[in-house]
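I have placed the structure first, in the form of structure tokens, so that the comments after it can refer back to it.
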Amino acid sequence: MGKKRAPQKGKTVTKPQEIIVDESKLNWKPVDIPDTLDDFGGFYGLEEIDGVDVKVVDGKVTFVTKKDSKVLKDSNKEKVGDDQESVENESGSDSESELLEFKNLDDIKEGELSAASYSSSDEDEQGNIESSKLTDPSEDVDEDVDEDVLKENVFNKDINIDDISPVNLPEWTNLAPLSMTILQSLQNLNFLRPTEIQKKSIPVIMQGVDVMGKASTGSGKTLAYGIPIVEKLISNFSQKNKKPISLIFTPTRELAHQVTDHLKKICEPVLAKSQYSILSLTGGLSIQKQQRLLKYDNSGQIVIATPGRFLELLEKDNTLIKRFSKVNTLILDEADRLLQDGHFDEFEKIIKHLLVERRKNRENSEGSSKIWQTLIFSATFSIDLFDKLSSSRQVKDRRFKNNEDELNAVIQHLMSKIHFNSKPVIIDTNPESKVSSQIKESLIECPPLERDLYCYYFLTMFPGTTLIFCNAIDSVKKLTVYLNNLGIPAFQIHSSMTQKNRLKSLERFKQQSAKQKTINHSNPDSVQLSTVLIASDVAARGLDIPGVQHVIHYHLPRSTDIYIHRSGRTARAGSEGVSAMICSPQESMGPLRKLRKTLATKNSVSTDLNSRSTNRKPIKWQNTVPLLPIETDILSQLRERSRLAGELADHEIASNSLRKDDNWLKKAADELGIDVDSDEDDISKSNSDTFLLKNKNKKMQKTINKDKVKAMRATLNELLSVPIRKDRRQKYLTGGLVNLADNLVKKRGHNSIIGHEKTNALETLKKKKKRNN
């Protein structure tokens, strides 16, 4: 068998105090939740462990424990415990290693081999197997450190070609020299060809010039500027001293998170080892966590932020000013909103901080006089939107011959606010139409106090994924409760909600919408329900919610640009959608008239296909939007349901508000040591609290006693169980123009209305347009 090797003399084995362990090898214990705890906030299935320390290095969490293996699973004790103890006896370890050395590989048990190669698995995978001696524990720690170093250079090693599917995107490859990472991601996301704004923007942006892009909603503006900056991120990944690549500013938090998600999807392989390279910094979330993430290596190379939170971070840490002053690209998404009141002051301070620091760096290094590349994108660029910012009346008195002259005026105004390297290149993919041609607009005329009823009618007649916009937060809250009382899944999002609750509500809406689509696809004969998201204008800009079929304007928007962005939540990525306005007669003579006149293009003309006359007359604003047909017999059957649901919604909201007011008053009184009951009479007599008393009395009038609430709910449930019938037909199912018996047997017709054909809002408007033509 050969001679035994003599043990090496003079060699001392150091016993490490700690070892790094994988979390899957730890003996986790489930956390017992007490029965008296009502709400655990969704944290179920938690596990805990003692005797383990947690260390975070560059965002990577590692678990460290001492050499006793009590915290390890039984399968790992043999591996870590016994083998490491045997290292203390050199002769014992040598003899065991020799036995393993001269064994046939077929005779070696799986446990022995794993124990022998526990700390050198990486070397075995490369085929460089050294002697099968048990490795010294001190070498375990050193090799773990070496592994981390290798992971940082993961992009320098060879790529397994078998893991990459062939890319066949000729339109993308002909557009610009894009990396394989981006092309692979575009193919996986099924973005097979670029949109119009992407075709015109990406090559120009990659040349480093300033760009001002205008395109309709849902046209792919995010990737138009996102692909070039992600290309820079990929090309700079191997550099050690990485400078920030891009700053992207958005007007809303939701839009910032959405842009972050879109950029991460097209560079997932890059983020696998540096997950914080693309970072979202918005309000409503922990600023301490954001400060900690910015300190990680290679983090924040692309930052998507709202101006308020980013300014707060800069003012708290001056090193961030120096760091982000070296940025290469500055991007303004939805720039028209960013430069309006409320955002521009913060944005101007940010630009001032960065420019001052950049000039200092340029003077010290004698670098180029060129500042960052500036990219501006929006769906609406109109000079009217900048009137509040301008102190000159010359802008208001201007009249423009065409759209290009108006955009040039906007650029002149922007150049006084934003620092460009030169006059930006204008890329306008919809010079004439302001609303996307894929959106079919419609008008619903209703009495001013019956908006809820007509909204319920639309959702019953045209079920689907619907987004409803309201001007007031109180309307959002009431409409949500109202629709839930009628059995329609409704979710809400508005500015009074915390950021966490906003994101949670959006996620629930998407899940419910996907669930309903799955049910309808698997069982087309099932009753189709509408899935509704009710929102204030906080969700009007930029949000890409997949599958929204209808947008309802519960109130007319306050400005034209808000209407354009609201309507743009449907008809995304080339699909079609419906935008319906609920309008009272009083609104039609004022706000509606102004809205339609502003939206009317200069080239809007009547198109008569049979007439060859060149004298075409402009279309009147009244004829630019068709009326949605309303069937009064169905509406009358919904009226009583709507009344009961509305009263119950008012009661629920008023009761919750009164309860919150009482709890707040009692809490404040306890903190001040005041007896609330003794002071109630004095408060009621005080003239200074007249407004509070009126508000309280108004809420009290909307409340209903418990017995009446139960009776109303029972009546409402009974009405909801009765199917709606077209023309109120209840007898002679085989008579009339439509054979109801035949439709019921063959499961044809509307799923919610007996005797009615299947309806689709989009097809209804298309048919009406054809009849009018």
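Using N, Cα and C of the backbone, Cβ positions are placed for all residues, glycine too.
Annotated features, as they stand in Swiss-Prot:
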| type | residues | note |
| --- | --- | --- |
| COMPBIAS | 73-82 | compositional bias 'Basic and acidic residues' |
| REGION | 73-99 | region 'Disordered' |
| REGION | 114-144 | region 'Disordered' |
| MOD_RES | Thr135 | phosphothreonine |
| DOMAIN | 202-399 | domain 'Helicase ATP-binding' |
| BINDING | Ala215, Ser216, Thr217, Gly218, Ser219, Gly220, Lys221, Thr222 | ATP binding site |
| DOMAIN | 452-615 | domain 'Helicase C-terminal' |
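Cβ crowding, taken as the number of other Cβ atoms within 10 Å, peaks at Thr217 among the binding-site residues Ser216, Thr217, Ser219, Thr222. Taking the mean position of the Cβ atoms of Ala215, Ser216, Thr217, Gly218, Ser219, Gly220, Lys221, Thr222 as the ATP site, the remaining residues of that chain whose Cβ falls within 8 Å of it are Thr195, Ile197, Ala224, Ala379, Gly568. Of all Cβ atoms in the protein chains displayed, 23 besides its own lie within 10 Å of the Cβ of Ala215 (ATP binding site). DSSP assigns Gly218 (ATP binding site) to coil in the three-state reduction, placing it in neither a helix nor a strand. Counting only same-chain residues six or more apart in sequence, the Cβ atoms lying under 8 angstroms from the Cβ of Gly220 (ATP binding site) belong to Pro194, Thr195, Ile197, Gln198, Ala573.
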